[in-house]
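Only one structure is covered here, and it is reproduced in the block below.
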Amino acid sequence: FVVLILSLVVLRAVRVCNGSRLKMMYYSRSCPSVHFIVRNITWNNVAANPSLAAKLLRLHYHYCFVRFDMEGAMDRISQLPELMEGAMDRISQFVAPDLEAIPPPRHQVRNLDLRVYTNQEEPAVSTAEKFQEYQKMSARVGFFILLVSFVLLGVTKVCDAGLLSKNFYQKSCSQAEKLVRDITRNKTQTDSTLGAKLLRVHYHDCFVKGCDASILLDRVGTNLSEKEARPNLSLSGFEVIDDIKSQIEKVCPGVVSCADILALAARDSVSFPSKEPVWDVLTGRRDGRISLASEANGNLPSPFSDFNTLKQLFARKNLTVNDLVALSGAHTIGVAHCGAFSRRLFNFTGKGDTDPSINATYAESLKKQCPNPANPATTVAMDPQSSLSFDTQYFTTLNQNKGLFQSDAALLTDRVSAKIVKQLQVPKDFFSEFGKSMKKMGAMEVLTGNAGEIRKNCRIVN
């Protein structure tokens with residue numbers, strides 16, 4: 001019973017995360033959190049029950065040495081998450097017919113002696129008798145079934161990104177993506193900075209509670225919303241999302257989420273000069289109902305961060321060092337306020353000094369643009385060579401020690417990330433890696449299915 005449960009769970013997890021072959025880090029892109037989830041749930045349970053390690057190891061041994069015919073169970077796999085919610089009795093009802101449908105002779109133990117596991121001399125037993133032992137053991141392993149259930153539900157929840165798809169609205173609102181693209185391009189024609197603005201809003205949305213458009217919500221009562229958190233006060237472009245949402249609601253009311261509109265508009269605004277999408281955007285997100293300023297500070301990358309801080313923050317979001325460097329390439333467009341980097345120029349260690357890692361000529365240029373004390377209204381191009389062009393110039397400039405933020409310069413302090421910085425100076429490599437990383441970021445903690453809602457107005461919940 002337990003073995004079959006584990007088989008069903010494994011097959012279901014494989015199906016959810018689109019797996020088909022064994023290899024290290026198989027889920028690194030489709031479901032990067034799976035190892036983290038299994039490890040944490042298992043560790044928590046082992047802490048409460050130290051004998052669990054031996055139990056699970058033995059269970060794994062027995063599972064691997066016994067081969068089951070799963071034909072009768074395959075058509076039921078897709079029902080597993082729903083049946084899990086019905087607790088133990090419903091799981092038993094689900095699996096029992098499949099167990100009964102498999103005759104014992106088809107359960108073949110390979111030519112191994114069970115004495116390996118027990119270290120005891122035991123008489124040889126028939127395959128049928130061994131199968132009966134497994135059936136009897138099922139009454140004692142409810143805990144294991146529940147544990148596996150929790151693991152599966154956790155995997156399914158995090159792997160909801162797999163429910164995102166291309167052309168999600170093809171049947172429900174076929175013109176949705178074209179409307180977003182056309183309106184965004186019209187807006188970008190009159191505001192060449194829109195790409196940087198919307199891309200930054202999309203970043204800040206995804207890093208706090210996932211890509212659920214919570215950054216777009218206005219405050220409710222006295223509770224400050226995400227957009228009112230200090231790191232978000234300089235965000236702009238919200239009115240563009242409002243306009244797109246208004247137009248889409250006229251033709252497809254209550255269908256297209258604000259989260260998808262933001263993800264698409266960010267891509268389309270950045271892609272406008274090239275007329276070709278810089279990265280693919282999967283759709284199917286739903287909108288969150290909660291937006292709190294208090295949740296922003298600890299989740300957003302800071303321009304003052306060192307490499308280890310950045311690496312740890314990205315790791316918490318299941319993003320790698322490669323993702324960190326690739327996504328930092330977004331700094332090739334847009335501007336920054338002087339306060340985000342003035343400390344590097346005038347008081348780096350608290351002694352009135354300049355950050356020694358910054359190019360001296362570049363530092364003097366910045367001091368002229370941002371004299372001390374910093375004027376909060378003054379802005380400086382993040383990429384001094386091409387702040388309106390989405391290209392690889394950021395990485396070239398960074399290798400010249402002309403990164404604007406301390407967090408930019410930090411990428412050169414680690415051997416691995418410094419190597420990636422050099423690699424991404426090649427346009428083909430950068431656009432490829434940036435696209436992959438944007439796809440991962442855009443799938444972080446997304447709400448899908450019946451979770452969340454489809455807002456009628458992106459600024460307020462329904």
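Using the three backbone atoms N, Cα and C, a Cβ is placed for every residue, glycine included.
Partner cysteine of Cys173, as given in TrEMBL, is Cys252 (from among Cys31, Cys64, Cys252, Cys258, disulfide bond). If you take the CA of His204 (active site, proton acceptor) and look 10 A around it, the recorded positions you hit from Cys173, Cys252, Cys258, Pro301, His331, Cys338 are Pro301. Here the disulfide-bonded residues are Cys211, Cys458, and the one ringed by the most other CB atoms within 10 angstroms is Cys211. When the recorded positions His204, His331 are scored by other C-beta atoms within 10 Å, His331 scores highest. When the C-alpha distances from Cys211 (disulfide bond) to the recorded positions Cys252, Cys258, Pro301 are tabulated, the minimum falls on Cys258. Nearest neighbour of Pro301 (substrate binding site) by Cα distance, taken over the disulfide-bonded residues Cys206, Cys252, Cys258, Cys338, Cys458: Cys206.
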